[in-house]
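Listed in TrEMBL:
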DOMAIN    76-170  domain 'Pirin N-terminal'
BINDING   HIS109, HIS111, HIS153, GLU155  Fe cation binding site
DOMAIN    223-327  domain 'Pirin C-terminal'
Amino acid sequence: MRAAAFQKSLVSLFHKNPTLASAVIKGGLGSSVSDFPRNIFRASCHTMSQDSQFESPRTVVKKVLAKQQKEGEGATVRRSIGRMELRNLDPFLMLDEFYVSPPAGFPDHPHRGFETVTYMLQGAFTHQDFAGHKGTIGTGDVQWMTAGRGIIHSEMPATDGVNKGLQLWINLSSRDKMIEPRYQELPSEDIPTAEADGVEVRVIAGESMGVRSPVYTRTPTMYLDFTLKPRAQAHQPIPEDWTAFLYVIEGEGLFGTLNSPPAGAHNVLVLGKGDGLSVWNNGSKPLRFVLIAGQPLHEPVVQYGPFVMNSQAQIDQAIDDYQYAKNGFEMAKHWRSQS
């Protein structure tokens, strides 16, 4: 076989079946192998390792920069999902990256019809509600709160300086909107982690790299915190019919394809359809982002501030229940959080 023809055949074989191609080379082909340029072989290996690992890779279809706004009392958040540019992303209703220093915070306020997931990135927050639940979550901890039929609570910084985290709102289906409130609290040391080839993932919900979170997600959800060292890459399967997005916490990366424009901190990237996401950190600094996906509910969404229901009549009922301390808000009449 002539060298040029051999090179062309082996490159083609590499793209179709890299294992077989490697076996052919290792098996030896006499003088023909010596004719094959080593730099082409290495480039092919590099190209294969850089390609997406998925049959139908997800790509970025929308990019939204989270913008600062005031919330609560003196608190600052960067909101991405929940703004006019990205009103909601079924089943997700809101994503805030919050920065709070005492005495600012989020004093007593109600919720109905959805879940809140608070993930602390720095500092600590103390939560208390009208049912007597009270606790503090610190750096790396997660609180997964199902508001259900109704809850009134406060969320206030527990340390001096800046307390920073992410809060995600996840919609509940119509059959779950009026369930009893519940909590799942996951200390940092109990969050499953995996690490390989310069990639670390904390599995808050769902599964990644062979480890699974113990968190029960009433609306099926994946919530993964990835950190990629420089030159590392990650490939994460995602159920094809789920809505998916990511939020960049720090660093800069390529998401979906190698020719995509780089995205940096505070950007939400909405992903299109597909069976998985590929990410590359071609920079000199670590890249950290959360990848979040969930099964869409395909139900009407009517929202009035902290109440999320399926119809205006249900919103009117929620307001009435809250004002008159009934139907889930009975304990609201005489309760106030303790500072």
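From the backbone N, Cα and C atoms, a Cβ is placed for every residue, glycine too.
Sitting within 8 Å of the Cβ centre of HIS109, HIS111, HIS153, GLU155, and not among those site residues for Fe cation, are the Cβ atoms of PHE106, ASP108, PRO110, THR116, HIS127, ASP129, ILE151, ILE152, SER154, PRO306. In sequence order, GLY72, GLY105, PHE106, THR118, PHE125, THR126, HIS127 are the residues of the chain that are 6 or more apart from GLU155 (Fe cation binding site) and have a CB within less than 8 Å of its CB. Helix, strand and coil content of the domain 'Pirin N-terminal' (76-170), in residues and according to DSSP, is 0 helix, 65 strand, 30 coil.
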